[in-house]
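Q: Could you have a look at this structure, given as structure tokens, before my questions?
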Amino acid sequence: MQQNTNVDPQEIAKFERMAETWWDLNGEFKPLHLLNPLRLNYIDQTAGGIFGKKVLDVGCGGGILSESMARIGAIVHGLDMGEEPLEVARLHALETGVSINYVKNTAEAHREDHREYYDVVTCMEMLEHVPDPLSVIQACCDMVKPGGFVFFSTINRNIKSFVETIIGAEYLLKMLPIGTHDHNKFIKPSELMALVDNTDLLCKDALGITYNPLTGIFKYTPKVDVNYMIATQKVD
């Protein structure tokens, strides 16, 4: 799939409906706010620092990760297909005085004018929401410079992830709206790495993230059985 065809309208509509709560620290996106410091630290440390680097945030939504990267000195472009989340992101950036270029586009279409343009590309919690993950991965690869880093995060597909992210997070703890995730669209680490192997990206690291509902704290874990991130680097 290419250009603007790799989009699930139902997924876009889902996040459009929740857009106004994106920056509510106790709202529907509270898990992303709690998780974000871990994501930011992992990206910054693994990429050797992102200060002054051109960074593309694919599937940026309301801009939680985009803003945090801009605040530590990255030159950030945010990409999403949801108009409402992008408007929220733009408004919040104005309110906080952060400079970010937000664009409504797919990764595949944005690639046409941005081949080997970025030092770092992030694609976090997005692959499980598109019909063709490989198409997005390939576009991310094409847009990063040789030697640059591309980061992906998603959710493993197994019984434990179903219990924790859907039964637990959506139905019991009410951390997310019911229907936020579709377990069938979750991606096993082996599947994600197999997709990466179809590109010029090399997997450099994989790291899990776990949540303790008693303390309300996310932390790193070597286990990738539920939420996980991978760091890849483009071959020179």
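Cβ coordinates come from backbone N, Cα and C, glycine included.
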Q: According to Swiss-Prot, Arg39, Asp80, Met124 bind S-adenosyl-L-methionine; which one of Gly27, Gly52, Gly59, Gly97 is listed for that same site?
A: Gly59
Q: Looking at Cβ-Cβ distances, which residues of the chain lie under 8 angstroms from Gly59 (S-adenosyl-L-methionine binding site) while being 6 or more apart from it?
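A: Once residues fewer than 6 apart are set aside, Gly59 (S-adenosyl-L-methionine binding site) is near Leu79, Asp80, Cys123, Met124, Glu125, Met126, His129.
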Q: Are there any residues in the same chain, six or more apart in sequence, whose C-beta is under 8 angstroms from the C-beta of Arg39 (S-adenosyl-L-methionine binding site), and if so which?
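A: Expected: Leu65, Met124, Ser153, Met229.
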